[in-house]
Amino acid sequence: MTMQFWAASACCCGVLIFLSILMWCAAYNKNPHFSCSVWDAKFSLSCVILFSVVCCISLATISHTGFNTALKLLWLLCHGFAAVKLIQHLLNTFPCCASIGEALLLTSGLVLYFGDMLACTISKVCRLLVSPELVSIRYGIKRSEIGIIIQGVLLGLLIFSAVFKFVIHLWEYFCRADNSEPRKNKEIRRSLIFFASLGFTMIVVAPSWMMIVLDFDVHPILWIFHFVLSEPLKQLSLCIYWLGLIYASVLRFYNISKNSKIERILLRKYYHLLAVSMFLPALIYQPKFLDLAFGAALAVFLVLEIIRVWRIWPLGQLVHQFMSAFTDHRDSDILIVSHFSLLLGCALPIWMSSGFNDRPLIPFAGILSLGIGDTMASMVGHKYGVLRWSKTGKKTIEGTAAGIVSVLAACSVLLPLLASTRYIPTQ
């Protein structure tokens, strides 16, 4: 956990240094797109460098030997470098999908999460190849079975994306001379390669990593079946309830989006209310199953987005047309992130609060803020908002006040409900 804290600090520090250097260059080049002075650039860069020096000194004080200090600094330097390269790629490739702050959070989270996977793998390989008595590396935190499955699935999708892209480039290179083959046959063959490689990665590669590196006892698919069937009535009933809500709401809102003049940002807020009705009962009565469901939904969203971006036959065009009905200015034609933001906004507080039971409303933070607070702020601000926070922004004081009051009201109702269902003592 200490290494994770310092890795997150290194990611943020590296990105801030990168942005400060950009300000420095913009101030001296007099770029019209940047309005910053030389003093602002010098001050920001000095503050960030001072912060990095303090972090290095603090890290050195908790290390016993110089070798451990150098090794940790090298590991943190790699985290910072990876974060800088990733945020450059995000801002250049998807300029309209996220602000600087959102891109910084996403970058730090991805580098920290996949850096943890890499560290676990290196530590396990060192213990397998070298005698365990000679290896002093003991990396890793106590993970739940659901956390291991989610981590393994995300790693499998990352590997799958890279491998499939390489295979497609290789296949197109060797089949470039054959232009007589119909385009439909090429799309079918490409689709078969996609689904075959996806199935192999999810059934063989990712479970093998979980079982070897993270010491998972059984095949993850078998564990999921056993977990679901441990309480079949409750969990299968919850799945039927979710599927019914999703089918009814998606069918209704999709028709409205095509035939109505309602702004899409307001139309999407109905999905926030749908998230409250779906996740709130599950979090109270089946929190572990909800963790697993969040991981499965994230994996499905990633696969569908890959299918949409690469136009995989026969679902690619259909998924693109459906998702385009709910996009706004924050989504681009390359990447649609709205559904990821809603899902992760509800899931991350639940995942991050695992093991902490002193504040019972922490797992509900994402559901309440996004499902209730953000929805009320948008609706009230759009209909009754007059006083704006800034001249160029669209946020209104009335909308912010409505969001705060609605969340406070929801918390006052939720706390007695949690006490009546014995959620607070059992947690």
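Keep in mind that glycine also has a Cβ here, set from the backbone N, Cα and C atoms.
Sequence annotations record features per position, and here TrEMBL assigns transmembrane segment to 6-27 (among others).
Per TrEMBL, the feature transmembrane segment maps to 48-67 (among others).
With a cut-off of 8 Å between Cβ atoms, the residues of this chain six or more beyond the transmembrane segment (146-171) that come close are 113-114, 116-117, 190, 193-194, 197-198, 201-202, 205-207, 209-210, 214, 216, 220, 223-224, 288, 291-292, 294-295, 298-299, 302-303, 306, 351, 354. Marked as transmembrane segment by TrEMBL: 146-171 (among others).
Among the features that TrEMBL reports, transmembrane segment is placed at 192-213 (among others). Using a Cβ-Cβ cut-off under 8 Å and counting only residues 6 or more beyond its ends in the same chain, the transmembrane segment (192-213) has close neighbours at 120-121, 124, 148-149, 151-153, 155-157, 159-160, 163-164, 167-168, 171, 219-221, 303, 307, 310, 312.
Here TrEMBL flags 233-254 (among others) as transmembrane segment. Counting residues 6+ beyond its ends, the transmembrane segment (233-254) has Cβ neighbours under 8 Å at 267, 270-271, 274, 277-278, 281-282, 285-286, 289, 293, 322, 325-326 in the same chain.
Sequence-distant contacts of the transmembrane segment (266-286) (same chain, six or more residues past either end, CB-CB distance under 8 Å): 231, 234-235, 238, 241-242, 245-246, 249, 253, 256-257, 260, 293, 326, 328, 338, 342, 346, 350, 363-364, 367, 370-372, 374-375, 378-379, 382, 417-418, 421, 423. Annotated transmembrane segment per TrEMBL: 266-286 (among others), in sequence order.
For the transmembrane segment (292-313), the residues of the chain that approach it from at least six positions outside its boundaries are 146, 149-150, 153-154, 157, 161, 187-188, 190-191, 194, 198, 224, 227, 242, 282, 319-320, 323, 334-336, 339-340, 343-344, 346-347, 350-351, judged by C-beta separation under 8 angstroms. The feature transmembrane segment is assigned by TrEMBL to 292-313 (among others).
Within the same chain, residues 93-94, 97-98, 144, 147, 268, 271-272, 275, 279, 283, 287, 290-291, 294, 297-298, 301, 305, 308-309, 323-324, 326-328, 362-367, 369-371 sit at least 6 positions outside the transmembrane segment (334-354) and bring their C-beta atoms closer than 8 Å to a C-beta of that stretch. The transmembrane segment annotation in TrEMBL covers 334-354 (among others).
Residues or ranges marked as transmembrane segment by TrEMBL: 360-380 (among others).
What TrEMBL records for 401-419 (among others) is transmembrane segment.
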